[in-house]
Every structure is written in structure tokens, then in C-alpha cells.
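Below you'll find the structure I mean.
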Amino acid sequence: MPILRSVAAVLAPFTSDTYMNTADSIFVITVTILTSIGFLLNLLLLYLIIWKSPRNLTPYRIFLANTTITQLVYALFAVTSMPRVLAKHQYTIVIYLGPVQFFGEWFSYMSYVGILHLSLNSFISLMLSMIYRYFSIRFKRFTANTSIILCIIGYFFPFLIFASCSNIAISSSLSFNTAVLDGMVENLESYHMVLTTEISNHPSLIILTLAVTCGLVPIYFVMYWCRHQIHKTLKQTRSVHSPSTRDNARRLVRALTIQSIIPLVSVFPASIFWCLSQLGFVEPTMYSYFIIPCLSLGCIADPVVTIRCVLPYRRWILKLCNMSTTDMITSNQDKSTIFQKH
């Protein structure tokens, strides 16, 4: 439809010269809106983390910043590449609708790999936040330097995979892509950048794909083990920890638990669609439009949950909006209570 093509060109002006059918236009509009909202929310959260965090939130705000910066960069990668991802047998075919298509094959494919590795790092960051809370409750000391080192260690694995994908063999040959897709995509020759790679020849790409999908299982296991241990420790040390410390810990754990549910509506649907398309139960062309919008939901939900649960951030937003709330607390409580109950 011409009107959808016009809307897509307005929202994403760098795609004005790109061939797009109706489904492509809807995809570009959706991705642009989701990533723009996610980018602005994470930019706001990063401002709050840097300038509006109380001193006693310092170790934890490093983990918040780690997740927020990851989501910011993810939004940039997603909106500049806008990849449609198709899978057929041992091949992965990516059609690029974003402006990265004009920067060559290597930049285009690495932008897609970058999206996957940033998604993985955001999950790892949530896990590290839960580990932080467990160790801070159990051993009572967790410095800012320790938090930074832990974030660097957590990012090492995604970055290592990302870097190892830099020499992947890709093909932009129209004849080869046409043979692989076998009529799956109409007007394939009209797209400016279509890249195909044979996954079976690249272990690093297989590891990255499995880490983003199956890797959530061990991450969930670690998070919920830490969650169980935190509640167990708080029950066993009632005489050691003050009521405010116990309340803060429970509220933080509640916030992290909510954030851990986000992948269930962002990553898992994309993974399920990918598996079903491999088995032939789902049309691969339809699946190609779902993966990036699904992953982008976490880019929006994470900052919303954080701002809602961290009281200083929430109060600042309410003050900015000139709103009053009945859950305002005294200045003495401000110094001890960080997380707001739902």
C-alpha cells in the first residue's frame, strides 16, 4: 500500500530508496517505533542512573547502567539494520531494510550478529544483578570495583563470540540466494542487501544462536537459585539484617524477577518461530518479520520496570510530571529505602 510506504519513509527516511512491499513497510514502521521508544526510555534511565542515584545504590547502579547501555546500543543496531531473518535448512538468509545496507556486506552482517550478542549480554546482565544481590546479602560487602569487574567478565563471552564472527563467509550473489530461497521471497532481486551464510560451517554463529535461545535456561536456573538463596538467607539472619535491608532486598529481587519474565514474551516467541520454521510448520517469510520486533520488546520493558521499582527514579519522574503520590516517604526513610513495593 502506498500510504504505508510513505509512512515508513517518513519514520525511517534513510530507507526511502529501499524496495519494500507492504509487509516490509509494516515491519519498518514497527521496528522504528519500538526501537525509538526503547532508545528514549533507556536514555532517560541512564540519566537517572548517573545523576539521580543515591550513594547507597552505587554498586547496583553499575549493573543497571550495564543493562541500560546494552539496550541503548541494541536499539541503535536494530534501527540501523532492520534485518529480516530467514532460515532454510543449514542456511541463514538476512534481508536488510535499514541504512546499514549501504555500508557494505561486512557491516551489514556484523550488525545482525551485534543484535544477537547484545541480546545475550542483556540476559547475562540480569543474572549478574541477581548474583550481586545474593552476595551482598550473604557476605555484606560488594564494592563498585567488584561490580565493574563482574560486568566486564559477563560481557567477555558475548564479545568473544561477536569478534569470532567477523570472518564469517557470506554470499550476496543473487543467483545463489535465489537458489537457496527457491521462490520463498518475491522480487528478491529488488532488495539492495541480501546476505546468506551456511551456519554449519561456522561454529561461532551456531554457539551465538544457541546461546541466545537455549542459553536462557542456565541463566534462569542461576537467577532463581540466587532468588531462593536470598530469601533463605534473609529468613536465617533476621537478627543480623535490619528490617529496611530485608525489605530492600526483597523489593530488588521482585523487580529482577519481573525483568526475568520479559524474555518469555520477547526471546522465546522468536525462538519458537525459528524452530517451527525449521520444521516446516511456520512460513519462514512470516517468521522473518517477528524476530526483531519481539527482541525489541525487552528494550522497552526493562527501563519501565526499573523506573517503576527504584523509588528515587520513580519519584523524579513523578515530580517531573507534576504528579502527587500517596507513597511519598520521609527524608529519613529515603536514606534507607530504595525500592518501592508494587
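Using N, Cα and C of the backbone, Cβ positions are placed for all residues, glycine too.
When I checked Swiss-Prot for this same protein, it listed these features:
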{"type": "TRANSMEM", "residues": "26-46", "note": "transmembrane segment"}
{"type": "TRANSMEM", "residues": "62-82", "note": "transmembrane segment"}
{"type": "TRANSMEM", "residues": "112-132", "note": "transmembrane segment"}
{"type": "TRANSMEM", "residues": "148-168", "note": "transmembrane segment"}
{"type": "TRANSMEM", "residues": "205-225", "note": "transmembrane segment"}
{"type": "TRANSMEM", "residues": "261-281", "note": "transmembrane segment"}
{"type": "TRANSMEM", "residues": "287-307", "note": "transmembrane segment"}
Considering only Cβ pairs within less than 8 angstroms, which of the stretches 112-132, 148-168, 205-225, 287-307 has the most against the transmembrane segment (26-46)?
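The listed stretch sharing the most Cβ pairs with the transmembrane segment (26-46) is 287-307.
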Counting only residues 6 or more past its boundaries, what in the same chain has a CB within less than 8 Å of a CB in the transmembrane segment (148-168)?
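For the transmembrane segment (148-168), the far contacts come to 62-63, 66, 106, 109-110, 113-114, 117-118, 120-121, 124-125, 127-128, 131-132, 197, 202, 204-205, 207-208, 211.
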Does the structure show the transmembrane segment (62-82) and the transmembrane segment (287-307) touching, where I'm treating 3 or more Cβ pairs under 8 angstroms (sequence separation 6 or more) as a contact?
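Yes, the transmembrane segment (62-82) and the transmembrane segment (287-307) are in contact.
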